[in-house]
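Asker: One structure coming up, written as structure tokens, with questions to follow.
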Amino acid sequence: MPPVNNGYWGEPTATIDWCEENYVYSYYIAEMTNTITNLIMIILPLWGIMEVIKQELDWRFIYLHSSILIVGLGSWAFHMTLLYGMQLFDELPMIWGTCFLIYYLSEVQKSSFSKKMFSNQPLFIFLSLFAVIFTAIYLLWPQPLFQHISYGVLVFTTVGMDLRLLKINECKTCKKIFLISAAIYLFGFILWNLDKIFCQNLRLLRLNIPGAFDPFTQLHGWWHLMSGYASYSQVLFIIHASYDFKNEKQTRQNMELQTWRYGFSLGWFKKSHDL
Ligand SMILES: [Zn+2]
Ligand SMILES: [Zn+2]
């Protein structure tokens, strides 16, 4: 461990201190790159919420975007302070938010949007119990690996559900969204690991290159950018797949949802015949 320069937030109390050196650029921000890169998980969901409103999509998708927004805010607070309470604000919403995604993935195939927020009660109760039990255990036993594995299991579940939906609906747009976001997420996860494994080498490298290149070597920050984009795309996937299964009355007549603005937006366009 290198010497820790204490900043405004004092001695780190989190159970993890990432590879980025603490309080290098600011007295108020412990890990600058790892903090700033969370903007993607704040800006994209806010953009997504605006789009849901503008395109008059089902109101529940606002909650899906919001669950990513909460993780982004939590992760910002965690990397900015390295305080244990803020670590929980990042890690617990990651678990709850992914449970929420799983719930909505299970609703995709319905032919209409139900009026209730949670119509599949058994699954809702199961996922709630999972989230509550995880939270109780993690508070008593704050072992980061336990959080990482639990999160990993949930991510694998969403991937499995995505693949199943792709097989059923054979939608080209959904397939494109899935492939791009899965590849980016996987690449980000590789960087997350490399940042941990080669931390000493990366720190040494940073001592020997101009400061302007520093952010490029903060692989955990790159993980934020990539997982943030992939999570946002996962919500777009759920939205598109949901409308693929909805009956005519639930969609706009002679219109179909398409991705545009380089995959950052979904909008209604006139049905084209060559699709
Ligand atoms: Zn992080
Ligand atoms: Zn689709």
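Note: Cβ is positioned from N, Cα and C throughout, glycine not excepted.
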Asker: Among Glu11, Glu31, indicate the single residue that TrEMBL lists for the Ca(2+) site containing Asp17, Trp18, Glu20, Asn22.
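Answerer: Candidate listed by TrEMBL for the same site: Glu31.
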Asker: The Zn(2+) site in TrEMBL lists His220, His224. Which one of His79, His148 belongs there according to the record?
Answerer: His79
Asker: Tell me, how many other CB atoms lie within 10 A of the CB of Asp17 (Ca(2+) binding site), whichever protein chain they belong to?
Answerer: 15
Asker: Are there any residues in the same chain, six or more apart in sequence, whose C-beta is under 8 angstroms from the C-beta of His79 (Zn(2+) binding site), and if so which?
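Answerer: Listed in sequence order, they are Trp18, Glu20, Ala30, Glu31, Asn34, Thr35, Asn38.
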Asker: Whole-number Å only: compute the distance from the Cα of His220 (Zn(2+) binding site) to the Cα of Asp17 (Ca(2+) binding site).
Answerer: 11
Asker: Should Asn22 (Ca(2+) binding site) be counted as helix, strand, or coil on the basis of DSSP?
Answerer: coil
Asker: In the same chain, who gets a Cβ under 8 Å from the transmembrane segment (177-194) while lying at least 6 residues past its ends?
Answerer: 159, 162-163, 166, 219-220, 222-223, 225-227, 229-230, 233-234, 236-237, 240, 259, 263
